[in-house]
């Protein structure tokens, strides 16, 4: 199995390094990752400037100022030959649950892999300690995919509790929960008296029902949520069409 491995925490982050070491026990792994932390970069792509890469002695490649999406795009289309069989993103330091997937560079890297036609996994740890647990879970899923490919056309967003492996209760297939809107902004002043702003933490859990990713991880289960690239709200199409007809938009300007 040939694996393109990326992340949004940066090429030197413990999550990606732990996962790369574990995956290399049974797979051909090419790391292509940002040279720095790009958390929250979502699906952004660098279009107005060139991208420079640096290759380390072990073969890992850092993309200077690159986003996670840049890294997967370059990895698939230029840097990994032959091309990968699958794209894996992670292990992220911290969860990507509920609305987090909108902002997550970890999920975005997997989405780019799927958009380019490859199966893809996004892997996140609900903490910063037991990366070995998340790596073991990821390897188990990848070995299963080798035996029997999963042809859903979706990415798998995997969130792992920050627990020793023997304390993981199992796996649940879940849906995304949701958070309350975030509203915190943290102002500071620089030495010249100018105001700086920091984006605050995410909102608290809003929808954390028993079938959600939030609930699974809180209860000690690995959460696997199938995600797709299509953002169309199919169930709302008729509602919007009826509304346009009722208000006369499109018949007169």
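Note: Cβ is positioned from N, Cα and C throughout, glycine not excepted.
The annotation divalent metal cation binding site is assigned in Swiss-Prot to 8, 9, 39, 92 on the grounds of sequence analysis. Around residue 8 (divalent metal cation binding site), the same-chain residues at least 6 positions away in sequence with a Cβ under 8 Å from its Cβ are 34, 37, 38, 39, 40, 41, 67, 68, 89, 92, 104, 105, 106, 108, 109. Residue 8 (divalent metal cation binding site) carries neither a helix nor a strand DSSP state and counts as coil.
The most densely surrounded of the binding-site residues 39, 92 is 92 (count of other Cβ atoms within 10 A of its Cβ). Less than 8 angstroms from the CB of residue 9 (divalent metal cation binding site) sit 15, 16, 37, 38, 39, 92, 93, 106, each of them six or more residues away in the same chain.
Same-chain residues with CB within 8 A of the center of the 8, 9, 39, 92 CB atoms, the divalent metal cation site residues themselves not counted, are 7, 10, 13, 15, 37, 38, 68, 93, 94, 104, 105, 106.
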